[in-house]
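Before any comments, here is the structure.
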Amino acid sequence: MDPVHGVWRDGVAPTNVATWRRDVDRHVRTPVVAFTLTAVFWLLVGTTFALIASFKFQYPDWMGETAAMTFGRVRPAHLNTMIWGWISPAGVAIAVWLWGRLLKTEVRHVWALNVSWVLWNIGVTVGTVGILAGYSQGIEWVEMPLAAFVFLVPALLLVAYSLLSTLRHRRVAHLYISVWYIGASLLWTPVLIVAILLPIYSGVPHATANWWFAHNILGLWLTPIGLGAAYYLIPKVVGRPIYSYHLSYLGFWTLALFYNWAGVHHLVGGPPPQWVVTVSIVFSVMMIIPVIIVGLNHHMTAFPRIKRVIWSPTLRFVVFGAVSYTVVSLQGAMQALRFWQEVTHFTHYTIAHSHIGVYAFVTMIAYGALYYLLPRVTGWEWKSKRLISLHFWTTAVGISLYIVGLTAGGVLQGFLMNNPDVPFMEIVETMKPFLWSRSIAGVLMTVGHLAFAYLVWEIVRKKGERPPGPVFFRQPPAGVYRMMTGADPDTGDGSAAHPVPAP
Amino acid sequence: MITRASLIFLGALAAILMSFTALAVLPAAQLATIEPTPGTEEYYGPTRRGREVYVREGCVYCHSQQVRPPDFGADIERGWGQRGSLPGDYVYDYPHVMGTMRTGPDLHDIASRQPSADWHHAHLYNPRSVSPGSVMAPYPWLYRVVEVRGDGPDNAVPLPPEYAPGEGFAVIPTEEAEDLFAYLMTLKLEAVDTPASDAAGATE
């Protein structure tokens, strides 16, 4: 096979590049729009749980009579709706769309994706209601009752079935790196879920299996989709190829080999056999290699044209996410070390860290990807650049405040906890201002989520007059504008690639 | 024919199966025959149901159950246990509730330092009644407010006036609250023969 990217496998390129893209995009309109809409719905539900959970630290007796709204149920409900209701389905929407683009052919078995969407949402509903009603499995990141996974696992397998069988019909000779990431994640994730649900653990091994699983949901499910999207979108929007394509192979294989060993660093200082913990620390540190590689590739591609973040909503969100990936992963590699864990383990620092991963990295990239793909899939434009701008700034400032507040608070908490002369209640008091900062950050992010939900609703609804042209934060200079909308109409933002067909 | 695509994806699958074996299956095999530590008993009726309440209400999100060994943190100096936790302490635990957060203190040895039923019930009914400034959630649905007739119920939870339900009423624990207390009283780290300093390395 010809290793050169972009060569058509059957040797016949379509005469009009924009036409095949439009066909491929429109072919997956139903599942992409459906997955996106419910993802945004669950984002709002998860945000509500987040606010309730956070404000309970300021007002612990608020809704204190209602069992379903107690902190210990709302917190896992927040995590599960965000992971399984928001970011996973949003990731599926992005993956499905990317798949047709990257294989240059229509995604096969769209019915399977539609069925998956139904199962997926039943699963998340059952799971969320189950947790609130008191049927949590009690295992962190696997709280939803088994009944939810009865729907979720087949839903995932249907997505894998549709995408992997499309592979056989690909019209490209070469598999772009994003295909590697997404394809692998679709194999990894069902294995992960089935493995953690096996009734073969108890006590300490249950804990090691638990953190192997939980860390891999981020590392082998959400991360590959986020990286796959960034690998596609950054070159698209800046109009240059990836900095080093060879490095991207190395980045993939090192991630595939190292990441899945890292999870047990959550049990440093705990009772598991020391060798298991040590192995995880070693692999956590080795993650520096894939992270530097991916960072080099993303940043060196975007950097020469970084000014485009002034104009392009997609690029601004994606670059924010890509930089966060570098930050969270280098932090993760360092914090696995014993001397670091001695302070930060068991503190709010860990909560901040996980939000850099799931929010500042994956969620921000998902926003950027949706800003790029929804106009192309729906054939409509975003309604308001001001609202996109509001979405960006509230979420970017909100998550930054969240991270700074809880990281600083967590480090302080850790040092105080390791000083036996400090009474425990004094630590609780010391944390209160930091927990306030989290609630304020949460309110800011909520504003952004509402703006985003409204924009998504409007672009799907397609009512009224079609908003004009691709939406940029500001009008790019003429030369850049032509480049972003003209020569290759797929570069840049908005749906310029698909002018409204004449009636 | 093995295509490039299947090579990539088979490789990816092999990678995850390796780590699954190492991090989940091997520890399970290694610890399969471990002896429970002294005082660690199988859960029965009340303690089993109490543990289910502990899991259901999500206590794990604020309370760990793993005392760190000496020279790692200050758990033992804080009086959270006389030794670090050992794998043998957990042999009957499903799901595990070791936890990763200490918004509240570690509970693996709570029965040693706070054995009072009155204190626990008042604390669970409203944490601020015995621990001012606490941010813990209250669990009033584990309790019932009853009208006092005569001397009042024997098991009335002693509460300071501002948290009590008012003149002529008393708070009594439901069976779930009694079960939860019974479970908490199983959380006790007894001395083991192994010197405590070896605790961390005992299963190396």
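Just so it is clear, glycine is given a Cβ too, placed from its N, Cα and C backbone atoms.
Outside the transmembrane segment (A:32-57), and at least 6 residues removed from its termini, the chain residues within Cβ reach (under 8 Å) are 63, 69, 71, 74-75, 77-78, 81-82, 84-87, 89-90, 92-93, 96-97, 113-114, 117, 120-121, 124, 128, 370, 373-374, 377-378, 432, 435, 438-439, 442-443, 445-446, 449-450, 452-453, 456-457, 460. The transmembrane segment feature in TrEMBL is assigned to A:32-57 (among others).
Sequence annotations record features per position, and here TrEMBL assigns domain 'Cytochrome oxidase subunit I profile' to A:41-503.
Within the chain carrying the transmembrane segment (A:77-99), a Cβ under 8 angstroms from the stretch's Cβ atoms is held by residues 25, 28, 31-33, 35-36, 38-43, 45-46, 49-50, 53, 107, 113, 116-117, 120, 123-124, 127-128, 131-132, 141, 143-144, 148, 152, 159, 162-163, 166, 178-179, 182, 185-186, 217, 221-222, 225-226, 228-229, 232, 358, 362-363, 366, 369-370, 373, 376-377, all 6 or more beyond its ends. Marked as transmembrane segment by TrEMBL: A:77-99 (among others).
Sequence-distant neighbours of the transmembrane segment (A:111-134) (same chain, 6+ residues past either end, Cβ-Cβ under 8 Å): 28, 30-31, 34-35, 38, 42, 45, 67-69, 73-74, 76-77, 80-81, 84-85, 88-89, 92, 96, 143-145, 147-152, 154-156, 158-159, 161-162. The transmembrane segment feature in TrEMBL is assigned to A:111-134 (among others).
Taken from TrEMBL, the feature transmembrane segment applies to A:146-167 (among others).
Sequence annotations record features per position, and here TrEMBL assigns transmembrane segment to A:179-201 (among others). Packing against the transmembrane segment (A:179-201) from elsewhere in the chain are residues 95, 98-99, 102-103, 139, 142, 146, 149, 152-153, 156-157, 159-160, 163-164, 167, 209-210, 212-213, 216-217, 220-221, 224-225, 227-228, 231, 252, 256, 260: each is 6 or more residues past its ends and has a CB under 8 Å from a CB in it.
Annotation source TrEMBL lists transmembrane segment at A:213-234 (among others). Within the chain, the transmembrane segment (A:213-234) has long-range Cβ neighbours (under 8 A, six or more residues past its boundaries) at 83, 87-88, 91, 94-95, 98, 101-102, 140-142, 176-182, 184-185, 188-189, 192-193, 195-196, 242, 248, 255, 259-260, 262-263, 265-266, 294, 297-298, 301-302, 314-315, 318-319, 321-322, 325, 354, 357-358, 361-362, 365-366, 368-369, 372.
Counting residues 6+ beyond its ends, the transmembrane segment (A:246-263) has Cβ neighbours under 8 Å at 177, 180-181, 184, 188, 211-216, 219-220, 223-224, 227, 231, 279-280, 282-284, 286-287, 289-290, 293-294, 296-297, 332, 336 in the same chain. Annotation comment: TrEMBL describes A:246-263 (among others) as transmembrane segment.
Residues or ranges marked as transmembrane segment by TrEMBL: A:275-296 (among others).
Long-range Cβ contacts of the transmembrane segment (A:317-336) within its own chain (Cβ-Cβ under 8 Å, at least 6 residues beyond either end) map to 223, 226-227, 229-230, 233-234, 237, 262, 265, 268, 280-281, 284-288, 291, 294-295, 298-299, 302, 306, 309, 344, 349, 353, 356-357, 360-369, 371, 392, 396. TrEMBL lists A:317-336 (among others) with the feature transmembrane segment.
Under the heading transmembrane segment, TrEMBL lists A:356-374 (among others).
Taking Cβ pairs closer than 8 Å, the transmembrane segment (A:395-416) reaches residues 320, 342-353, 355-356, 359-360, 364, 367, 422, 426-427, 430-431, 433-435, 437-438, 440-445, 448-449 in its own chain, all 6 or more past its ends. According to TrEMBL, the transmembrane segment annotation covers A:395-416 (among others).
The transmembrane segment annotation in TrEMBL covers A:436-457 (among others).
The largest share of C-beta pairs under 8 angstroms with the transmembrane segment (A:356-374) comes from A:436-457, of the ranges A:146-167, A:275-296, A:436-457. Under 8 Å from some Cβ of the transmembrane segment (A:436-457) lie the Cβ atoms of residues 36-37, 40-41, 43-44, 47, 50-51, 54-55, 57-58, 367, 370, 374, 382-384, 387-388, 390-395, 397-399, 401-402, 404-406, 409, all in the same chain and six or more residues away from its ends. Residues 208, 227, 243-244, 247-248, 250-252, 254-255, 258-259, 261-265, 267-268, 322, 325-326, 329-330, 332-334, 336-338 of the same chain sit 6 or more residues outside the transmembrane segment (A:275-296) yet have a Cβ under 8 Å from a Cβ within it.
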